[in-house]
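K.L.:
Quick one: the structure is below, and I'll ask about it shortly.
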């Protein structure tokens, strides 16, 4: 039922394969998550910018995370909702490749920034007296620049490889956004390098970064267990637990979706697409709540901004 374009100047996204009749219902939680993402991350940025007492490394990292979440969500959700609401499936090849680059590059950036934030918490809890001398503003800026350059270095070859491959299959992408593996299925050339490179980068980023985060939180929890106050221990456990849950929601669905699509596991296509969607939609919506609203300084900053 979808048009076939042999030149592939224009592609067509199917949304969620097999669940097209439920698109209007699926759009409701997706739209709510996007609105929460916009409101929560925009509020965080305004509060941190307006309050000089929040110009600390922890909140500078949080500002970077908010910007990444806004860009990552906005790169896919408006088009996704237009598919669900108006059946607007068409997307130009250039726009598709641009969307693919932004989605994957900012996912790598978010992963790197989560590592930086875990390191920030480790220094703050395990070495509090040297916190501001270790994480100075130039160091924070360098960490942010390194996460950006790493994402560009990893994702640029992937996009150029897609550009070099002849795309000659049906113009239909069985996905709700231009995910790399879904677009790669349209290629009729040798895709071995792209497949291997994509799998290697995803495994390295997901595996290595999650290992560093886990190590940081193990050291944090060890320091927390030495605290004499049960109330302080409970608060620290609650904070670390919520952080780890959000990180798990970011890493696990993305890796599962990629590996299952790569190795053709017997899983319904709509489950794979939903996993890929949720790992880009849930963390940006929950990050402002977990990292921001639950932080007393942010709550106080919001109250001061409202009172002004």
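Cβ from N, Cα, C; glycine included.
Unlike curated entries, TrEMBL annotations are predicted automatically.
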K.L.:
Could you tell me which of the ranges 166-186, 271-291 is annotated in TrEMBL as transmembrane segment?
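P.N.:
The range carrying the transmembrane segment annotation in TrEMBL is 271-291.
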K.L.:
Per the definition of 3+ C-beta pairs under 8 A with sequence separation of 6 or more, do the transmembrane segment (271-291) and the transmembrane segment (25-47) touch?
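P.N.:
Counting Cβ pairs under 8 Å (6 or more apart in sequence), the transmembrane segment (271-291) reaches the transmembrane segment (25-47), since there are 3 or more.
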K.L.:
How about the transmembrane segment (101-119) with the transmembrane segment (131-153) - do they touch, taking at least 3 C-beta pairs under 8 Å (6 or more apart in sequence) as contact?
P.N.:
yes
